[in-house]
Structures are given as structure tokens and as C-alpha cells.
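Chemist: Below is the structure I would like to discuss, written out as C-alpha cells.
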Amino acid sequence: MLAYITAVAIVFCIYALLTLSLNLHFGFTGLINFGHVGFFAIGAYAAALCSLNGMPYVVGFTAAAALAALAAWPLGLLALRLREDYLAIVTLAFSEIVRVVITAEEWLTNGVQGLPGIPRPFASLGIGGNAELAYLALVVTAVVLAILLIRHLVRSPFGRLIQAIRDDEVAVKALGKNPAGVKVRVFMIGAAIAGIAGALYAHYMNYIVPDQFLPLVTFYVWMAMILGGAGSISGSLVGAGVLIGILEGSRVVRDLLPNVMQVEMASLRLALVGLLLVLFVLYRPNGLMVKRDES
Amino acid sequence: MGYAYYVGLAINGAVEGLTIGLAALAINLVFAVGRFPNATTGDLMTVGAYAGIAVQQSGLRSLWLQGLAAVGASMALSLALYLFVFRALRGRGMLAPLLASIGLAILVRSVLSFFAGHDQYVFQLPIVRPIMIAGIPVQSYDLWLGGVALVCVLLVMAILFLSPIGRQMRAVADDLTLARTSGINVDRVYLVMWLLVGFVTGVAGMVLGVRTVVMPEMGWNMLLPAFAAAVLGGVGSPAGAVLAAMVVGIAQEMSTPVLGFTYKIGLAFMVLVVILAVRPAGLFGRVERVR
């Protein structure tokens, strides 16, 4: 039971990192990013390839963050020129391009067969619990650091600029500030956090394939963010929690209802995610953790 | 692999392009009139194709009847989506309906796969020998499907540009407030627009289903190529969307010998990103400024 709770908590932390970083993009800055899974995938493959080639974990995590941020740079520049609906489509296409490249470049990524045997930090502590708990401590630390970073960003003069841009870009320009540079930097920081999440995911799963990085992951994270409330850090955590509840809860329900088949349960789980997204957009667009009159 | 091979690829690409073109047309309609990128477009197609399969499973062999069921199902679903979701989201900006359409797309697909499973279905067609045109073998079904898609496109264009409701639709696309002030029944325009979207996606789903296999992801997989075509053609230019889709379809097929099958799929996404970086207005669209 403890092992199960630890496993769920680790996955929750990884989704929390994704939701927090998407929230930095959209909730705090207004950048409509539908390609978050692309940064997640880049981070996962970067970290996996580094550690499979015998490099220390630190190098892998640094590469994951740096490469994801680097990939975000041209997208951030594009974001300055595009209407928001076009940005949504372009980022979605970006994440699919990442997946296509990962699938096609077999010499590097082993294509659809994926990368097996990715080592995990603290594995030497023994499989029966301690290693898992140590890894949990690592991902919790990552979440705490991400929250501190985002809070610092939001409350700093830089952060006030970010929110001012979200609310009224023209006024910010009129004050002599440069919204362009700020948007690009925020895009890169958020992408780096998603890259770290990818690295943590790869090391935890030990095995990654391109099919784990479908656009559906992006939409899961969007649902979590909308459900918790755009622009709210606590909302991101609640949203990620509800998401994990749906993804894991359906497994528990399946144990209680042995007549329902595995694939049918997967369909139901997906239907629930879609339905929640629609219902929240319709009836509670500000999310659970944000008061109605705000924003 | 002489020139006949490449001409064969081009013909295949043109029919594929017309299928993408129908989806792009549906996207373009919602983009222009409803003002958001409609992610349910692909899944409306899927529902149409499954309705056709359902008719086939019930023993009716007529492709026309199956097509009729496809169009009917897509139109009914499109109308339902508008009445229950998108109507309430009018005036809520771009993001709310886009997110809702993504949620609905996921919902529709999962309900479909819950009841129909993940098995692949095919439309049973009698085997026909390919006809030779100037020494090039052409599948007669491809010609038929291309013809049906073309007629569908022309029909929508005729409605848009020759009928009063089409004129009103274009007026709403240009300027909602002005259209309303000049006495256009905006509710009726939206209703007809969503019915038209259902019609087009129903035909597209049937054409795609006959050409390939019917499975829950078939429509979703068409979404990005169709977005690419709609953007490449320029928003507000339905003819541009269809032409651009032909370009995307032919380019995808012709590039297969060079790029391989995996990158063929990536080509549409690359086109999309490059076009938006270089010419956000598309090839035929009006210049739309940022904010």
C-alpha cells in the first residue's frame, strides 16, 4: 500500500510540475501553449540519452532543462508575431513535430521501440521502498523549487511586468517596457520546468516510447490547470490532484467492477477528462481555486 | 518507378488533398463565423464514418445510403454541439470555445471507442480493376470519391456565395456587430453554419472511411493537416483552404519516396509552422494584425 501511495505521489508531482509551468505560460502571461508535451518529451529523451550514455544525472537534468528552453526560444519569438489562436495551433504542431522526429530518428532514439533501461537515481538504496521514498523526496523538492521560482517570478518587478502584459500589452508598451523580451523569457523558463518534469518522468518510468508523448498529455494538463484555476499556484496543485484522481481512480474502480474491460475503462477515463474540460469551460471558467469576481 | 509512379502518387495526393480540403473547409467556416479553431472537426468526421459502417453492419450494401447516414449523423452531432455547448460560449473569446471543442473531441472519441471498440472497420467494396488513363493505372473509386468531394466543395461555395444565407454568413464573418445591426438574424446564421459544418464533415468522414479504414482516431489524425491547409489558404477564404489542402495532400504523397512515411506526416506540421512564421495571413487570406 505504501509503495502504491508513493508511486501515485511521484506521478502527481510530475503532473504538478507540468501544470505549474503551463500556468506560468498561460495563467500568468497569457501565452496559449498547446504544445507542452513537446517540452516534456524533449526533457525526457535528453535525460534518458545522457544517463544511458553514462553521464551523471546532473548533466542529464541540465540538458533536459536547457534543450527544452532552447526549443521554446523560436516558439517564443513566433508568439510575439502571431494571433493567439494561431499560436495555439502552431504549438500543437510543434509538439507533434517533436514526436515525429523522435519516432523517425531511430539511430538516436530507437524509434517506436523506445529507450529501455533508463537508470533511476537512488536505485542503490534497494527496490523495497527506500529507493522509491528517496525519489519521491527528489520530485517533491523539484515541485517546491518550481513553486518558489514561479512565486518569486510573479512577485518580482519582472512578474508585475508579466501580469501587466497579460492584462494590457499596449499600456505596458506605452510605459516604455519591452513585452517581447519578457514573453520569450517566460516561455523558455516554463519550458525548462516542463523539461525537468520530463527528465523526472523518464528516470522514474525507466522506459520511454514516443507514444507516451501524445497531444493528449497537453490536454490533460490544460484540464488540470483550468480546473484548478488559471493564474493560481494552489489551483495547479489541486488540478493536478484531481487529474491523478481520475487517472488512478479509474483503476481502483476497475478492481471493484471486474466486468468492465480494461479498454472500456480507458475510454471512460478519457470521457471523464473531456467532460470535465467542457463543464468547467461552460460553468466555472475561473476554476476551483480562483474567486468568481477575480480576473 | 518511372513518371507513371509519380503521376500515380500525385493523383492519390489530390484525392487525399480533397479529403483534407473538406475538413479544412469545415474548419474555415467555424474559424470565420464562430471565430475559433474547432478541434471537433476531425471527430465529427469519425462519427460520420461510423454511422456509415453501422448501416453496412445492418446489411444495407448501398454506399449512397451509408453516405446519407454519415451526413445525417455528423449534421445531428454538429447541431447538438452548437445548441448545447458552443451557443453558450458565444462572445466568450477564442480560448473558451477552443478548450470546449478539445474536451468535446476527447469526449466524442472516447464514447465512440467505448461502444464500438478499437477494432478497425472497412467499407466492403466490390473489387474493380484499375482503369488506365494514358498508361497510368487509376483506381476508379478514387475518381468517384474525388468527384464527390469536389461536388461537396462546389455546393458549399454555391451556398456561401450565391444564396442569401451565404451572404449573411459572410457578413457575420466580416463584422458581427454590423451584421446584427443591419437586421441579419445571427442565430439563424450560426444554426445554418453548424449544419453546413456537419454536412461537410459527414461527407469528409465517409470519403476518408471508404479510402482508408474506420477507427476512433481517424478524424483526429486529419485535424492538424486540415488546420495547416486552413491556415495556409488563409482564414476567410474557403476556396483558398481547399486549394491549400490539395497542395498539402499532393506534397505529402509526392514526398513519401524522399522523406519516408514518418516524415510525410510531419510535412503538414512543418508547412503550418513555416507559413505562420513567414506569412500569417496565408496565401489567399486578408492580412490580420496581431491584436
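We count from 1, first residue shown onward.
Placement of Cβ uses the backbone N, Cα and C atoms for every residue, glycine included.
Small disclaimer: the values here were computed from a predicted structure and weren't measured.
Okay, these came from TrEMBL:
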{"type": "TRANSMEM", "residues": "B:7-31", "note": "transmembrane segment"}
{"type": "TRANSMEM", "residues": "B:63-86", "note": "transmembrane segment"}
{"type": "TRANSMEM", "residues": "B:98-116", "note": "transmembrane segment"}
{"type": "TRANSMEM", "residues": "B:143-162", "note": "transmembrane segment"}
{"type": "TRANSMEM", "residues": "B:189-210", "note": "transmembrane segment"}
{"type": "TRANSMEM", "residues": "B:222-249", "note": "transmembrane segment"}
{"type": "TRANSMEM", "residues": "B:261-281", "note": "transmembrane segment"}
Chemist: Quick test of the contact rule: Cβ under 8 Å, at least six residues beyond the ends. What residues does that give for the transmembrane segment (B:7-31)?
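Modeler: Hits for the transmembrane segment (B:7-31): 37-38, 41-42, 44-45, 136-138, 142, 145-146, 149-150, 152-153, 156, 193, 196-197, 200-201, 203-204, 207-208, 211, 219, 222-223, 225-227, 229-230, 233, 235-238, 241-254, 256-257.
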Chemist: For the transmembrane segment (B:261-281), could you work out the same-chain residues 6 or more beyond its ends whose Cβ comes under 8 Å from its Cβ atoms?
Modeler: 224-225, 227-229, 231-232, 234, 248, 251-253, 255, 287-288
Chemist: What same-chain residues lie close to the transmembrane segment (B:222-249): Cβ under 8 Å, and 6 or more beyond its ends?
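Modeler: Residues packing against the transmembrane segment (B:222-249) from afar: 13-29, 31-32, 37, 39, 41-42, 45, 153, 156-157, 160, 173, 204, 208, 267-269, 271-272, 275-276, 281-286, 288.
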